[in-house]
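Student: Pasting a structure below so you can have a look.
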Ligand code: ADP
């Protein structure tokens, strides 16, 4: 009998902050693969609203109920982190055709850099198709209600951030 290879998947992103759309993708991946690592990018050039530690904590807190999901921060090249973690699948979320064009370009680059890493694209439930961290940050900055878009601990953190 051939030995079945375990699927160890990496889901990279900036997660500034993590939204219900990200959580939808993570939950789907957790049912499909053996192990899911949420790889939170330091992204220093993005001037993030939340620190890397805060973003990793959001990811850990909201996935506590999923026993095959973990979250880690990384800096530098995503493929290098994927190699270190011995990941064999890369997950990306696809919302629109714009995401597709962008992701398609990235996938070809990743394949050259790490041929063993297979990219898998997942689509979220339709209510999350237009949700992005950028929109959430904008709504929060202008005092709008973000509770329907993000997990409760993220909504609380956004409220605190706004009042700083
Ligand atoms: P990045 O800095 O890589 O764009 P993001 O945190 O914005 O990081 O997104 C990480 C991944 O999650 C990307 O694959 C992105 O397309 C996907 N994603 C973001 N928001 C959603 C959503 N609402 N539904 C599905 N996928 C999403």
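A Cβ is built for glycine as well, from the same backbone N, Cα and C atoms used for every other residue.
Annotations in TrEMBL come from automatic prediction, not curation.
This is the feature table in TrEMBL:
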type	residues	note
BINDING	14, 15, 22, 93, 94, 95, 103, 128, 129, 130, 131, 132, 133, 134	ATP binding site
BINDING	14, 46, 78, 92	substrate binding site
DOMAIN	10-138	domain 'Cytidyltransferase-like'
SITE	22	site 'Transition state stabilizer'
Student: Run through the Cβ atoms and count how many others sit within 10 Å of the one on residue 103 (ATP binding site).
Tutor: 16
Student: Per-residue pLDDT averaged over the domain 'Cytidyltransferase-like' (10-138) comes to what?
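Tutor: Its mean pLDDT is 96.
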Student: Least buried of the binding-site residues 22, 46, 92, going by other Cβ atoms within 10 Å?
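Tutor: Each of the binding-site residues 22, 46, 92 was scored by Cβ atoms within 10 Å; lowest is 46.
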Student: What kind of secondary structure is residue 78 (substrate binding site) part of, going by DSSP in three states?
Tutor: helix
Student: For ligand 1, which among the binding-site residues 14, 78, 92, 133 have a CB under 6 Å from it?
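Tutor: Checking each Cβ against ligand 1, the ones under 6 Å are 14, 92, 133.
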Student: Whole-number Å only: compute the distance from the Cα of residue 78 (substrate binding site) to the Cα of residue 94 (ATP binding site).
Tutor: 18
